[in-house]
C-alpha cells in the first residue's frame, strides 16, 4: 500500500468505543488538536452487549468519570429508559445506580457530542501500523495509506483486535456485532515487542419483544425518586415514562438441553481458546459449574424505545443457533419467542497490562497509551474510566507536562488501573466493590467531593460548575455545624418516633448529630423533631447523614490511607537492578523485574511478594545502598 502524508495532530485516538470517546473528548477539551479514528462511524459508543450502564462498583466509576469532567454520565442521563438504585437495603459503600439505556440513542447522542466538540475530528479508518522513532510513538498509518503524525497516540481497540466470532461450529473473523476486525495493528504491536494474549467474551441472543409472554415473568420497574449519574443533571428532568425490564428463570429442561449438547458447545469442545470472564459466564458454563442449581435468573431488557429487540440478560451463549432456540423456548415467557440475533462468543487480543504505567502510557514506547478492553478489562464503565485517564495523559504528554494518576484511596478508577499494572490479569477483569480496600471512602454519593477539584485543575470542569460544587461543599459544612448545635429532647413525639424505628427511648437531651447516629434515624426526622430547617438540598443532607452514621468506620479507613500514603512516598529508583540486591527471593526478584513497581506500596501489592522481600527492598533503599544502575 502506497502511503501519503495526511494531517498532523496533537493526539490521535484509535477506536471510538466507550474508552475511545472519553479519551478523545478529554484531550480535545484540554486544548489539544485531536483525531478520533473508528472502523465504523455507525458504531461510535456502541453497546454490542448489555444495553445498560452502571451497577455495583461500575456505577461509581461513571460518577467518577463525571466528577472529572468525562461524558458517560451526561450521555446516559440523556438517553436512559429506566433508572434504578440497587442495594438500597445495604450500606452506602455498596449502593449502586444502574440505568437501562436506549442503545441507539446512546450512540447517536455521543456521536453528536463528538461532532460538535471543538478541536476534535472524527474519521472512519482502520489503523494498521504505528510510526515509532527513537522509542517514541509519532503517529500511525491507516489501511488507506494515510500517514497521520501526532505527539501522543491512544489505542482503544476493544474486541476488534484479531477478533473471531464463534456460534457453535461456525467461526469467522470479525469485530463486535459483525464489524470489521483489526488484523494488522495487533501484528504490529507484537513486532514492537508487546506481549499479547487471547481473551474471550460473549453476548446473549436478542428476541422479538412482540413474541414474549410477559404474563409469565416478573416486572422490574424503574425508581420513582429522581436518580442521576451526572452531577449536572436536574431532578426536574427525571424521566417519568420509564420502560420496565422483566425477570424469568431457566429450569431443569433448559439445563437438560444444554447438557445434551455440550459436545457442540465451543466452550467445552476446544474451539474457544481465549479465557472468558469469571463474573459474566455463559449459561452453558453456569449449568456445568453450578450443577446443583435447578434454575438461573434471566433478565429481559428492552434495547430502546424504537425497537422491539429484547436483550436476554444473563443468557450469554455460543451454542449452535438451533440449540439456542431450544434453550430459549424452554424458559417461562419465551416459549414462542422469535430469535432476532443469535448469541455469540468473540475472541480477541489484549495487551498484558503490566507493560503499562499508572498513566496508561506503555513502558517501552513513549507517548503511546492504551485503554479499555484491550488492557484486559470487561465492561463499558471500566473502559470509559481508563479512556478518560489515557486521554488526559495523552494531552499532558503532548504538552510536556507531568502525568495524572489516581490512587487506590481516591477512586475506583485508581483501584482498577493499579490492579491492572501491578498484578496483570489472567481473565477479563471486572471491577467489584470487594477489590477496593477503602470502599467506604469511595462511595457512589461522594465522587464529586473526591474528584471535582482534580477535574477543575485539568481544565475539564467549567468555572460555573466548579462554583456550584464549592457552594455544595459550604452547604455541607454549614449543615454539619448546625446539626451539632441542635438539641433533641426526650419529648413524647421523640419517644414515639424512636419506637417507630425500633430504637431505645431517650433518657436525656442529645445533640442532633448524636441522635442521627442511631440506626434508621434520618436527617429529615432530626429537622422535624427539632422544628428547624438545617439544609434544603437532599444531597447535602445525604452527605451529613453518611458522615455521621459511619464516622468511626470512615476514621478507621483514613488511618489505613495514611499508611498507604507513607508507603507510596517511598519511591523506588526507576533503573534499580534487582539482581544486585542480595537475599531477595527468586520469585520476588522476577516479579519486581517484570512489573518495575514505582513505590514500596505498589511492590507490596504484587502477588507472590512476601513481607521479608519488602523489608529487604525497603532497607536497601532507605540505607542509600541503591542497587547498581544498569549500564
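Every residue gets a Cβ built from N, Cα and C, even glycine.
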**Prompt:** From 173-202, 203-232, 233-262, which range did Swiss-Prot mark with region 'Disordered'?
**Reply:** 203-232
**Intrachain residues whose Cβ lies under 8 Å of the compositional bias 'Basic and acidic residues' (216-232), provided they are six or more past its termini** = 53-54, 59, 62-63, 66-67, 72-74, 76-77, 82-85, 97, 99-100, 238-239, 242-248, 299-300, 332-333, 447-448, 452, 465, 469
**Prompt:** Whole-number Å distance between the CA of residue 280 (NAD(+) binding site) and the CA of residue 19 (FAD binding site)?
**Reply:** 20
**Request:** Go ahead and report the DSSP secondary structure tallies for the compositional bias 'Basic and acidic residues' (216-232): helix first, then strand, then coil.
**Result:** 1 helix, 3 strand, 13 coil
**Prompt:** When a 10 Å sphere is centred on the Cβ of residue 278 (NAD(+) binding site), how many other Cβ atoms does it contain?
**Reply:** 13
**Message:** To see if you understand the setup: which same-chain residues, six or more apart in sequence, place their Cβ under 8 Å from that of residue 284 (NAD(+) binding site)?
**Reply:** 258, 262, 265, 267, 268, 317, 318, 319
**Message:** Can you tell me the CA-to-CA distance separating residue 15 (FAD binding site) and residue 278 (NAD(+) binding site), as a whole number of Å?
**Reply:** 26
**Complete:** Rounded Cα distance, in Å, between residue 290 (NAD(+) binding site) and residue 19 (FAD binding site) is 34
**Nearest recorded site to residue 19 (FAD binding site) by CA-CA distance, among binding-site residues 278, 282, 286** = 278
**Prompt:** Relative to the Cβ of residue 288 (NAD(+) binding site), which residues of the same chain, six or more apart in sequence, are found under 8 Å away?
**Reply:** 259, 262, 268
